């Protein structure tokens, strides 16, 4: 039964608010995976370890992590046998950000600063004058066992700032502002004057190992937050993050104003669709495929890592699930029967820069997820994969849009072409429309969350039947 206008808006906003929770709990890729892990465990998925043997059973649900920054979750259909296909949705856990250098201790004209490195292709000017903090992981040595352990850290208050230079000292700042990423993107942590007032005159003598690399006040903040002593911290991987939470906005609360929508929007929709598709035991019981979500780290820097889409991770997992002594070519048989949605955000047409889009391909808010096509294979979509997803979308009532870039414009890429070429897998590139991609604060629409989630859930439930009607190799 169709929902009335009010009920539909309530459903749209409820789903969008769940995305807000997901984003606010995920200030780094490590936190993304921790949040996904928590949701999967709550939904009855069982954790696997790559280093152990697996006993994969139909109608059961599993997940594994690598580097604590990539996660793969899958549910095995009740009718699955080795050689059957995989229904996959892939996305990425990382977003452009600034990351703390291994030796971050910097001081200039009385300010204590933190040296940072750019990660990905961020719009770095948007990081100025923001209330920034730190999130990520530290590796500690347990004083009792001597083991190396990981701890997640997220200091939930502003501790860092990158101030703009006053316009009086740079009159052309509104015409030409391009910060030098090595010199101008160094956040302020504290002043030396205040540190002396807080601590008193420091004792002369050699600095400790961590104090040589990082300011003592930074280490003190981290240790206080984690309840650790400074000498227990071996290494750190820390991202800078905005402390302003993700929110709904606009006169009708139809917009999502948030950090890291590229690509936490897709991560959330993919993961929740997998969980929701398994909520009915009957749905999974009659599925001949394996439903799978693959969320990779390091997409924003090329995916060439042990936990990235360029690695052997996906192939190894698919091979382990397919393995059968009675059917030695099960993996090779499964790949042509499989399909992946490469889920990554799409550029909505901008009201102030509409000429940047090709005139017949201008995605709008509220009009559905966007199929992304590029003849130069920057996206992996083709006529076959597009037709199959259109069939699914039609059955679940989700509208679709199209995006092709102008001939005189560069085109980004995704994990789609990587996995299509690496596995020989049929792939479609698709994403929800957004504005301000790679800004510290991005913009999407509330409708896009429910539309994308509905499409993804429909894909998991319907793809096996849709694929049986495909007469193309």
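Counting begins at 1 with the first residue displayed.
Each residue, glycine too, has its Cβ placed from N, Cα and C.
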Look at the Zn(2+) 2 binding annotation in Swiss-Prot, where 300, 438 are given, and name the residue from 262, 344, 355, 402 listed for that site too. 262
Given that Swiss-Prot records 168, 344, 347, 372, 379 as binding substrate, the matching residue among 117, 235, 299, 442 is 299
Same Zn(2+) 1 site per Swiss-Prot - residue from 92, 112 joining 262, 344: 92
Compared by Cα position, which of the binding-site residues 92, 344, 347, 372 is the closest one to residue 300 (Zn(2+) 2 binding site)? 92
By a 10 A CB contact count over all chains shown, which of the binding-site residues listed here is most packed: 262, 300? 262
Around the Cβ of residue 347 (substrate binding site), the count of other Cβ atoms that are within 10 Å: 21
If one looks at the chain holding residue 379 (substrate binding site), which residues at least 6 apart in sequence have a CB under 8 angstroms from its CB? 342, 372, 373, 411, 413, 414, 416, 417, 429
Cα within 10 Å of residue 438 (Zn(2+) 2 binding site) is the criterion; apply it to the binding-site residues 262, 299, 344 and give the hits in sequence order. 262
